[in-house]
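Here is what Swiss-Prot says about this protein:
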type     : residues : note
SIGNAL   : 1-19     : signal peptide
DISULFID : 94-121   : disulfide bond
ACT_SITE : 227      : active site, acyl-ester intermediate
DISULFID : 281-292  : disulfide bond
CARBOHYD : 285      : N-linked glycosylation site
REGION   : 401-504  : region 'Disordered'
ACT_SITE : 520      : active site, charge relay system
CARBOHYD : 536      : N-linked glycosylation site
DISULFID : 595-713  : disulfide bond
ACT_SITE : 633      : active site, charge relay system
CARBOHYD : 650      : N-linked glycosylation site
CARBOHYD : 725      : N-linked glycosylation site
């Protein structure tokens with residue numbers, strides 16, 4: 001009888017994740033023990049019907065990045081603190097520029113920090129239901145702000161309503177922004193760049209380690225973010241450093257392959273030097289340069305950021321993630337479209353049977369071997385004709401028909417067989433990849449993979465690292481390839497080049513939900529584009545429209561700008577000021593958000609990933625911006641976080657129900673990978689490469705659309721790259737052709753020498 005009694009007692013006893021998982025040393029003050037120490041939160045109301053949530057605010061997840069730690073990746077807290085730390089107030093915001101364009105206007109000031117700013121800002125917030133007996137999903141929010149601003153303390157990011165409504169654990173973390181988060185001297189240990197992304201990654205690791213302590217399931221972590229936060233989510237999807245830390249991802253109005261979201265390593269150095277000049281720290285010896293910058297007050301460093309970017313641009317930011325060969329292994333478009341060693345994958349820019357984006361129509365890709373990004377065992381000859389495709393020859397940016405990973409651009413728009421292009425400095429990219437650069441759509445010059453800047457070839461050219469291969473991977477002739485050394489960040493290859501880690505495979509492992517709002521561009525136009533303003537109808541003259549195109553597509557060539565004008569003009573009514581305004585809305589939104597995002601969706605789905613897409617097209621009744629701006633960038637967030645559930649916010653009844661429905665979609669997706677369930681009405685279908693279906697999210701019952709901006713996005717992803725490839729300066733093309741041919745010959749010669757040395761040591765039976 002005693003064993004049965006003990007068994008019943010065990011079954012009925014509360015578990016650590018039951019309604020009594022929190023300890024209470026005082027009323028309404030729940031306590032949780034984490035891996036870094038114990039914290040004491042508070043119970044707070046969470047909407048109508050007496051709902052409550054437990055909030056733990058301002059939990060540190062890293063050593064404060066002060067003094068010599070400025071510009072460095074974050075350090076985890078080395079030992080747990082003693083005693084119980086109060087987690088009942090919002091943390092400091094990270095240092096950032098404050099928007100003063102419209103003083104006193106809440107529509108813009110709602111995005112400014114509402115807490116004191118400090119470099120001691122690496123804290124996170126956790127909201128969870130008071131007594132949920134299950135292990136709910138964990139939703140981890142990454143805020144947007146162009147990598148220049150943002151804070152977890154903003155009212156619009158209050159996670160209590162979402163946590164209570166969806167019985168979820170909701171987390172948000174601060175990360176460093178601006179130059180303090182993204183100043184980049186790639187390869188320098190004291191300022192490698194992307195430390196803001198490393199902040200996010202360390203917070204994500206902390207969440208995974210402590211999810212159970214808050215009642216969450218560490219195997220059901222979903223990353224979600226908006227704008228730069230969505231781009232950050234995408235970087236984690238593609239980075240090998242974040243693999244395994246989360247299960248699902250939501251990208252709201254942003255993606256890592258947007259033309260504003262990354263720069264190259266050389267451009268990162270140029271911007272760092274420009275900042276140094278502005279604050280009195282001349283660029284030279286990089287260690288001394290960084291020492292000078294660390295000696296400046298944070299506010300002075302931020303003020304210097306204003307001179308880094310030209311003022312005549314829209315949707316561009318001074319300090320953003322850099323392709324460092326480590327966290328951001330390669331440019332996002334290459335990481336998405338390249339295969340990076342997965343056998344049988346499609347080629348980097350050739351998609352079997354699909355339209356895709358990035359200037360490829362029905363390409364075959366790479367057959368077997370190493371797959372896309374860096375060339376392979378052989379490229380099937382076919383009739384692909386994309387901006388990077390070549391008919392019967394070089395099929396993609398980094399591939400060759402025979403050989404091993406020759407670096408170059410492939411061919412021109414007409415499929416001519418050409419040798420790879422020469423080394424290009426990653427100078428400021430123009431909007432479509434004009435000479436010396438690349439953009440998110442891969443126009444004219446694709447960004448090169450990370451390379452050690454100290455490894456010259458025989459002609460003095462800096463060589464890229466060779467791609468990964470295993471010992472069983474045959475080369476073009478069937479010979480097994482010599483094994484590569486261990487791939488860590490310090491292991492040289494045969495030529496002394498340091499090898500970047502291989503990126504997380506793009507697609508097939510993480511379910512993705514993504515989408516945009518109806519008018520993505522209007523919010524940015526009021527910040528300096530002539531003719532636009534929040535207090536007028538922004539009726540745009542033809543002259544203002546033409547000037548706005550140059551600002552909306554920064555650094556575009558004359559021909560590219562003319563193509564944009566041609567495509568977005570209603571030539572039956574070219575001087576109509578309303579149509580000119582709406583066209584600029586569309587140009588900025590399509591170029592920066594919608595088309596990159598849908599290209600991301602297309603590729604993720606083509607690689608086997610499960611994707612759901614949406615268009616949010618409800619204009620909030622509380623929106624303070626003028627009606628001509630429509631449903632602007634960022635104004636779905638309040639519905640995702642459940643702010644309409646708070647009666648004091650004065651939303652309509654229909655908006656309360658819309659918010660409940662959207663929270664249910666997000667919660668369902670976090671739990672199961674499918675937004676459907678418990679909502680009623682039509683089902684939200686998955687996005688597929690052929691159907692391209694997406695859901696309209698508004699106050700009406702769900703409806704389904706097909707091909708979100710598909711036709712217009714073909715202009716950005718197909719036509720313009722071909723146009724730029726076909727019209728480069730002939731004298732430059734000839735010079736580049738000759739130079740790169742010699743580099744290519746030298747590279748292949750050294751590869752053959754290494755292979756012959758290996759084959760003498762270990763004869764290859766398959767030769």
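Note that Cβ sites are derived from N, Cα and C of the backbone, with glycine treated the same way.
Shown here: features listed in Swiss-Prot, placed on the structure.
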residue : record                               : DSSP class
94      : disulfide bond                       : strand
121     : disulfide bond                       : coil
227     : active site, acyl-ester intermediate : coil
281     : disulfide bond                       : coil
292     : disulfide bond                       : helix
536     : N-linked glycosylation site          : coil
595     : disulfide bond                       : helix
633     : active site, charge relay system     : coil
650     : N-linked glycosylation site          : coil
Taking only the Cα atoms, work out how far residue 520 (active site, charge relay system) lies from residue 633 (active site, charge relay system), in Å, as a whole number. 5
Using a 10 Å cut-off, grab the number of neighbouring Cβ atoms around the Cβ of residue 227 (active site, acyl-ester intermediate), all chains included. 30
From recorded positions 94, 595, 633, the one whose Cα lies nearest residue 281 (disulfide bond): 94
Mind giving me a neighbour count for residue 281 (disulfide bond)? Other Cβ atoms within 10 Å of its Cβ, every protein chain shown. 22
Residue 725 (N-linked glycosylation site) to residue 713 (disulfide bond) - Cα separation in whole Å: 18
Rounded distance in angstrom between the Cα atoms of residue 292 (disulfide bond) and residue 285 (N-linked glycosylation site): 11
Report, as a single number, how many Cβ atoms besides its own are within 10 Å of the Cβ of residue 633 (active site, charge relay system). 25
Cα within 10 Å of residue 633 (active site, charge relay system) is the criterion; apply it to the recorded positions 94, 121, 536, 595, 650, 713 and give the hits in sequence order. none
Please name which of the recorded positions listed here, 121, 285, 536, is nearest in space to residue 713 (disulfide bond), Cα against Cα. 536
How many Å separate the Cα atoms of residue 121 (disulfide bond) and residue 227 (active site, acyl-ester intermediate)? 21
Check residue 713 (disulfide bond) against DSSP and tell me helix, strand or coil, would you? helix
Alpha-carbon distance [residue 94 (disulfide bond); residue 285 (N-linked glycosylation site)] in Å: 28
Report, in whole Å, the straight Cα-to-Cα distance of residue 595 (disulfide bond) from residue 227 (active site, acyl-ester intermediate). 14
Cα-Cα, residue 650 (N-linked glycosylation site) versus residue 536 (N-linked glycosylation site), nearest Å, comes out at 26
These are the disulfide-bonded residues: 121, 292. Which one scores highest on other Cβ atoms within 10 Å? 121
Which of 285, 536, 650, 725 (the glycosylation sites) has the most other Cβ atoms within 10 Å? 725
